[in-house]
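Report on one structure; see the data block that follows.
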Amino acid sequence: MAGSEPVRAEGETMAVDAAPRKPRILLAASGSVAAVKFANLCHCFSEWADVRAVSTSASLHFIDRAAMPKDVILYTDDNEWSSWKKLGDSVLHIELRKWADIMVIAPLSANTLGKIAGGLCDNLLTCIVRAWDYSKPFFVAPAMNTFMWNNPFTERHLISIDELGISLIPPVTKRLACGDYGNGAMAEPSTIYSTVRLFYESKAQQGNGDI
């Protein structure tokens with residue numbers, strides 16, 4: 001046996017000089033056309049962290065699955081109960097919540113924002129959110145039409161998720177996929193990545209490696 005785990009006098013073991021593991025990032029996409037950038041987002045994070053990905057049924061219309069990093073598993077609603085056979089078997093949305101250090105939804109559609117704010121959990125993604133441990137960081141990067149972004153419901157929903165402790169990576173103003181010009185475009189994958197990584201590393205420094 002390798003000598004990296006000496007036995008204490010009390011019989012307990014303790015790893016010594018073990019290499020720190022990579023951060024575990026759970027990336028999720030909901031049904032916005034900005035999900036065309038999801039594979040790029042996964043590539044950004046996979047160079048730094050262990051990544052698992054979740055997609056809603058609507059987001060699959062836009063995600064190029066062939067462009068996803070080969071080492072990133074993409075979970076869909078079909079996976080939620082496919083491995084569950086009997087009481088005691090693992091439940092995917094619970095296991096993903098346990099696994100992740102940080103969750104990031106990018107893009108966050110108006111529909112999924114409304115579901116989260118209302119506590120709904122009718123797919124894999126929203127079940128993870130409903131079961132999330134809010135002592136762990138959670139980021140969202142909304143993407144929607146300018147009029148949807150400016151809708152009074154959106155303001156109410158953003159207040160609700162802020163009260164949960166979810167951090168907002170705000171949308172940007174540009175020409176949108178629908179042709180309109182205005183605020184509502186998802187932040188660039190590089191911006192989302194740098195925001196989350198800076199947060200993680202600053203917290204790790206403050207807490208000697210723990211976030």
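Positions of Cβ are set from backbone N, Cα and C atoms, glycine also.
Annotation comment: Swiss-Prot describes Gly31, Ser32, Val33, Thr56, Ser57, Ala58, Ser109, Ala110, Asn111, Thr112, Ala143 as FMN binding site. Cβ environment of Ser109 (FMN binding site): Ser30, Gly31, Ser32, Ala58, Pro142, Ala143, Met144 lie under 8 Å away, each six or more residues apart in the same chain.
Marked as active site, proton donor by Swiss-Prot: His93 (among others). Close to His93 (active site, proton donor) in the fold, though at least 6 residues off in sequence, lie Glu80, Leu124, Cys127, Ile128, Ala131, each with a CB less than 8 Å from its CB.
Taken from Swiss-Prot, the feature N-[(R)-4-phosphopantothenoyl]-L-cysteine binding site applies to Asn145, Arg175, Ala177, Met186, supported by similarity to another entry. Taking a C-beta cut-off of under 8 Å and a sequence gap of six or more, Met186 (N-[(R)-4-phosphopantothenoyl]-L-cysteine binding site) has these contacts in its own chain: Ser32, Ala34, Lys37, Ala106, Pro107, Ala141, Pro142, Ala143, Pro171, Val172, Ile192.
Swiss-Prot lists Cys178 (among others) with the feature active site, proton donor, giving similarity to another entry as the kind of evidence. In the three-state DSSP scheme, Cys178 (active site, proton donor) falls into the coil class.
According to Swiss-Prot, the site 'Important for catalytic activity' annotation covers Cys178. Residues within less than 8 Å, Cβ to Cβ, of Cys178 (active site, proton donor) and separated from it by at least 6 positions along the same chain comprise Asn145.
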Ask   = Hey, what's the Cβ neighbour count for Val33 (FMN binding site) at 10 Å?
value = 19
Request  = For Arg175 (N-[(R)-4-phosphopantothenoyl]-L-cysteine binding site), write down the residues of its own chain that are at least 6 apart in sequence and whose Cβ falls under 8 Å from its Cβ; none is a fine answer.
outcome  = Tyr181
Query = Which one of the binding-site residues (Asn111, Asn145) has its C-beta surrounded by the most other C-beta atoms within 10 angstroms?
reply = Asn145
Key: Reduced DSSP assignment, His93 (active site, proton donor)   = helix
